[in-house]
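One structure is given below, encoded as structure tokens.
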Amino acid sequence: MATIKSIKARQIFDSRGNPTVEVDVHISNGVFARAAVPSGASTGIYEALELRDGGSDYLGKGVSKAVNNVNSIIGPALVGKDPTDQTGLDNFMVHQLDGTQNEWGWCKEKLGANAILAVSLAVCKAGAAVRNVPLYKHIADLAGNKKLVLPVPAFNVINGGSHAGNKLAMQEFMILPVGAANFKEAMKMGCEVYHHLKAVIKKKYGQDATNVGDEGGFAPNIQENKEGLELLKTAIEKAGYTGKVVIGMDVAASEFYGKDKSYDLNFKEESNDGSQKISGDQLKDLYKSFVSEYPIVSIEDPFDQDDWETYAKLTAEIGEQVQIVGDDLLVTNPKRVAKAIAEKTCNALLLKVNQIGSVTESIEAVKMSKKAGWGVMTSHRSGETEDTFIADLAVGLSTGQIKTGAPCRSERLAKYNQLLRIEEELGSEAVYAGASFRKPVEPY
């Protein structure tokens with residue numbers, strides 16, 4: 001049996017110039033695997049702990065403690081173990097080596113979710129190589145998923161919120177090519193709409209409005225969220241894809257939710273007089289007006305991460321026609337997912353491996369979501385690396401959807417390009433989620 005020979009971590013940099021953790025795993029039979037973890041800007045308060053150094057170096061964002069935890073604690077403890085035993089290794093790291101818990105489960109406060117996840121991802125890649133199967137196939141086998149599906153890409157083409165220096169409150173305006181025949185065609189549609197959008201924005205707001213945000217989307221200095229939707233609608237029309245390319249939003253509403261329980265759509269304005277503060281119910285009605293006017297199929301984080309009540313109201317009212325996605329609400333945490341299923345809070349999971357901190361717990365959250373009839377969208381973070389693990393994850397778990405930025409910036413394209421390779425490798429077996437993106441496969 002091939003066993004883990006050595007595990008080594010180092011500090012590298014993400015796409016925002018912040019330190020992050022990378023791990024190398026060497027196996028006794030000569031197999032080598034490497035993985036790096038991403039980092040978010042608009043983070044949910046219930047995410048597992050991302051261990052940072054504090055102090056003045058790297059403005060407090062160094063990860064030498066997390067790196068040291070891998071090199072001195074996790075790595076030595078995993079030497080001699082079987083890299084194909086993902087569940088066993090993840091549980092050993094999370095339950096025994098770390099062991100910290102809070103009301104929502106294993107919180108990784110001792111070793112850091114960034115340390116544990118980097119090892120979890122690298123071990124998963126090594127396990128696939130030891131079994132001599134592609135990573136997506138290994139992940140599918142770990143989850144018990146028999147049918148592989150290529151996801152619909154959700155391209156974040158207009159950036160606002162915490163991802164951009166404009167006044168737009170809502171964070172992401174996305175396009176989803178649901179009418180494409182395959183992933184390759186979906187990329188073509190997405191790229192063409194993106195280029196048309198650039199031309200539309202340049203003509204209306206000038207050259208500097210086509211500067212891009214952290215995820216490669218444009219960040220024109222508009223304030224009206226509806227204007228973002230209007231720009232998308234126009235670009236889709238100009239590209240000739242009306243009806244084939246639809247719209248998704250990530251509002252990231254926790255970013256503009258105040259202590260007075262209001263939502264401030266003008267939260268980025270320094271001389272803010274509070275005139276754009278609205279209640280949860282008013283915001284809910286605003287979404288309903290958007291949905292009636294534009295081809296919106298997905299709304300993520302429409303309310304604050306603790307506003308379960310308004311979430312449930314929106315889901316009850318428009319959940320049939322639009323998926324309501326929990327990101328900050330759920331933080332890929334199986335306990336929070338279970339609560340949301342029971343309370344009918346939302347009807348889709350945003351899958352971010354670094355919110356929970358291990359491959360095994362991520363698979364658990366996805367399986368629960370699918371059994372409840374939910375949609376699942378695999379996601380990058382705004383601070384990314386060139387690592388492509390989530391592309392294989394989306395196919396292996398048949399999530400049906402992936403968002404990993406605009407078709408711009410190499411750390412975003414790395415994932416989309418990997419999906420093109422996977423589709424090519426699957427050949428005639430390749431299935432594209434398309435219009436079935438909310439339920440691409442039966443629960444497994």
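Cβ coordinates come from backbone N, Cα and C, glycine included.
Here Swiss-Prot has Asp250, Asp327 binding Mg(2+), and the candidate from Glu293, Glu300, Glu361 in that same listed site is Glu300. Relative to Asp327 (Mg(2+) binding site), the recorded positions Glu215, Arg381, Lys403 all have Cα atoms farther than 10 Å away. Same-chain residues with CB within 8 A of the center of the Asp250, Glu300, Asp327 CB atoms, the Mg(2+) site residues themselves not counted, are Gln171, Glu172, Met249, Val251, Ala252, Ile299, Asp301, Val325, Gly326, Asp328, Leu350, Ser379.
Sequence-distant contacts (6 or more apart, same chain, Cβ under 8 Å) of Ser379 (substrate binding site) comprise Asp327, Leu350, Leu351, Lys352, Ile390, Ile402, Lys403, Thr404. Using a 10 Å radius centred on the Cβ of Glu300 (substrate binding site) and all shown protein chains, the other Cβ atoms total 27.
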